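Asks: Sharing a structure below in structure tokens format, with a few things to ask.
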Amino acid sequence: MEKQEQTSTGAKEFLYQSGFGNSFSSEAIQGALPQGQNNPLVCPFGLYAEQISGTAFTAPRKLNQRSWLYRIKPSVTHEPFKPRTPAHKKLVSEFNQSTSSATPTQLRWKPEKIPDSPTDFIDGLYTMCGAGSSFLRHGFAIHMYSANKSMENCAFCNADGDFLIVPEKGRLSITTECGQLHVSPGEIVVLPQGFRFAIDLPDGPSRGYVAEVFGTHFQLPDLGPIGANGLAATRDFLVPTAWFEDEVRPGYIIVQKFGGELFTAKQNFSPFNVVAWHGNYVPYKYDLHKFCPFNTVLIDHGDPSVNTVLTAPTDKPGVALLDFVIFPQRWLVAEHTFRPPYYHRNCMSEFMGLVYGKYEAKADGFLPGGASLHSCMTPHGPDTNTFETTVGRGTDETPSKITETMAFMFESSLIPRVCPWALESPHMDHNYYQCWIGLKSHFSHQGSDCYNKEM
């Protein structure tokens, strides 16, 4: 099913297909898709057939991901890759003692400023933390970006893994080999490993978060006892429709991220020359406002996993390489319950961001565009102000609605190492720990006949 979306300016309309994990097909010129086979001797309109594989050929059919692209010139038509100069020194895909540091301390960053000098998405992208290795095909990286200009006469290709981009400030207009996507704050976009794309900034300055996974792909979480409906609905995921340009582009640059390093290759045409395509390996976007959250309706605070939008699994059932979890507007109705998130130590590691509004567990200090990291078994929870305000309400159990907020979490079973520029950042909140220092003891044993009683 195709859906049409118009930008807020009304300047351009984007046509999408809906679904998640479907086998899609699209053609910008009627008749451009071959019928009955993938790779005919001569493709319609003299196009080249090219397959892009997101999984091994022999992956189980239910997991196999690939698409066929029918393009004016094949993507192999370029000069040899060379290391990009000057080198990008803030991208990491191998997390070890030489590239990053381990720390159990709770960390928080204030929002990054928009650069003064012209900076596109590639140059504005920098790694915060991660674990594992893109070469070993297991791990993740969390990046942030801050940019003020569109990519010009170049395209980016990530050979290391899938990007999940969460814009916080400024819209993104993304051209991919499958078509175009328009992504606003409050939406996300997933750009799978290997696809070439270019990002324009229709609003100028832009800032946001990026999760990258190595060796696997994002999928919808199982719903278990929830049933057949809820959380992110498959029909709300949008995939682009075929769009192409047939232009001579002298000096066009393909920038490829490979092992965390950037390489460039020249060609004389746009890579966005795919006239038709079909398959299930595609870029897609999702509007977080369409998420159907679940919550407790009587007592206690549910675990945050109940609000998982997408998960990148490991081989262990129920254990994620990386979960993408959101905390959107919702009702709080639990009785006899401390309604904000509980105090917690977790075998998982949690990186949090805020798209807009305030986060319910942090009354102060956690700002849109900022971030926090609570690593494996590091204690965390509501700050002093949140705790005292909540307890001070006493037994008031009036239902309340959290509104105008969109916080999220990247949660991983791996322990992240933190990049040196993140630890040395001028935006590091060195006083973060003080938000808990004011928590005082409320313990009282008077009147208790079990105090000091021998068992």
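Placed from the backbone N, Cα and C atoms, the Cβ positions cover glycine too.
All annotation found in TrEMBL is predicted automatically rather than curated by experts.
Here's the feature list from TrEMBL:
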ACT_SITE  HIS301  active site, proton acceptor
BINDING   HIS344, GLU350, HIS380  Fe cation binding site
BINDING   TYR359, HIS380  homogentisate binding site
DOMAIN    16-288  domain 'Homogentisate 1,2-dioxygenase N-terminal'
DOMAIN    290-443  domain 'Homogentisate 1,2-dioxygenase C-terminal'
Asks: What residues, ordered by sequence, lie under 8 A Cβ-to-Cβ from HIS344 (Fe cation binding site) and sit at least six positions away in the same chain?
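Replies: Listed in sequence order, they are PRO379, HIS380, GLY381.
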Asks: Looking at the recorded positions HIS301, GLU350, TYR359, which sits with the largest number of other Cβ atoms within 10 Å of its Cβ?
Replies: TYR359
Asks: For the recorded Fe cation site formed by HIS344, GLU350, HIS380, which further same-chain residues have Cβ atoms within 8 Å of the site's Cβ center?
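Replies: Sorted by sequence, the hits are PRO341, ARG345, ASN346, HIS374, THR378, PRO379, GLY381.
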Asks: Distance check, please: Cα of the residue listed as 'active site, proton acceptor' against Cα of GLU350 (Fe cation binding site), rounded to an integer number of angstrom.
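Replies: Distance between the two Cα atoms comes out at 18 Å.
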Asks: From the Cα of TYR359 (homogentisate binding site) across to the Cα of GLU350 (Fe cation binding site), what is the distance in angstrom?
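Replies: Computed Cα spacing between GLU350 (Fe cation binding site) and TYR359 (homogentisate binding site) is 15 Å.
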Asks: Where does the mean pLDDT land for the domain 'Homogentisate 1,2-dioxygenase N-terminal' (16-288)?
Replies: 97
